[in-house]
Amino acid sequence: MEFVYALLVLVLAVFIAAFILLVVGTIYFDLSNSEIPLGVDQPVKLRILHSILIGTAGKILEKLGLCSQLGFTRYMRQGRKLGEDPKLFIKDLQFGKVPVRIYQPRAPSAGRRRGVIYFHGGGWMFGSINSYEPICRYIARESESVVLSVEYRLAPEHTYPAQYEDCLTATTHFMKTAEDYGVDPTCIIISGDSAGGNLAAAVCQTLVGRPDLPKVHAQVLIYPCLQAIDFNLPSYQQNCAVPILFRERTAFYVLQYLKGDASFLEDVLEGSHMPVDVKLKFRKWLSADNIPKEFKVRGYKPKVPIQSSNEVYEAVKKICEPAFSPLLTEDAVVRQLPESYILTCEYDVLRDDALLYKKRLEDGGVPVTWYHIENGFHGIISLFDKGRLSFPAGKKGLDNIVNFLRSL
């Protein structure tokens, strides 16, 4: 009996030791593969958040066979619907088959309000109207606007153009019925962050060709992802391992959105997924030459174009569609876009996507308000209200967005 007991203790000790090694090894791998530049706001806090948001625990549970990392990360990021708000009426609806949540100020208004449509971020794979409830409530309260949050379908279960189509469906429905919610149909703003910024830009461009609908009043793009041809722009090189969005993860999300798997990831990162003639076609819009010099001082090494294989290009060529990469739309469309607000962060791989789009808009005669967070990183706006894990720069950025909305 003593022998059996000793054997059980030994097995348990081995299991515990193996578990500890797994945990320590996973955490060490995640931390050692990230780098936080000196200029980033509150680096220690960012490391903690990075470990939570990228799903370190999910990796461990997946290795133990308890759940998938995707499922765990979605669970951690899905958020929850908050309780009643004394200043807002909040209602869940369906626009077509698309779930939406609408936030309406309770205070009486002398006239119809502006409407703000918000598409959440999350790499087209994560996020929900619940996880973006704090941001949408804040915008509705502080800007005294009616806010519509859209629950679009997620990858990899649903691939492009499902997300874009859901956002377009919700937007057109809202524009047609705006007065039912006390909204002035001529004062609707389309907005989103990260992947949601991509969707906002794509929907705005599509609506340029819809004379049956009111003209969009403005667009708000918060560190948007706007192209998937060049992952070697200065910001991708400078911030390739800065939390919470790595260069490799960006390409991974793009491929999951495009086709539901990450095959050809290395080709996309290296730039061998696009033929040289295609790159040259878009060079006038997508080139490091169009990025101001001050954004290259932290280092940039131009990459020599390399030829692609036809197999890879055929698999990913939809990347070139403007609905997928809004930066690549025609000048005739850009010139018709509404007044725009763009927010960028210095330590964000997507910084240069937004800078290039800013230049395209300005060159097309579109008024642009630009706000740059010098010590900011990707996702900082969502961290404006996380208690001890909040970032003041995120709150300042969100307040700047609110001020822009109030000015419209």
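We number each residue from 1, going along the chain as drawn.
A Cβ is built for glycine as well, from the same backbone N, Cα and C atoms used for every other residue.
Just so you know, TrEMBL annotations never went through curation; they're auto-generated.
Listed in TrEMBL for this protein:
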- Ser194: active site (ACT_SITE)
- Asp348: active site (ACT_SITE)
- His378: active site (ACT_SITE)
- 116-262: domain 'Alpha/beta hydrolase fold-3' (DOMAIN)
- 315-381: domain 'Alpha/beta hydrolase fold-3' (DOMAIN)
- 7-29: transmembrane segment (TRANSMEM)
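Per-residue confidence over the domain 'Alpha/beta hydrolase fold-3' (116-262) averages out at a pLDDT of 97. Looking at Ser194 (active site) and His378 (active site), their Cα atoms lie 8 Å from each other. Long-range neighbours of Asp348 (active site) (same chain, six or more residues apart, CB within less than 8 Å of its CB): Tyr223, Ser235, Asn239, Val242, Leu245, Gly376, Phe377, His378.
Other Cβ atoms within 10 Å of the Cβ of His378 (active site), summed over all protein chains shown, number 26. Every protein chain considered, the tally of other Cβ atoms within 10 Å of the Cβ of Ser194 (active site) stands at 28.
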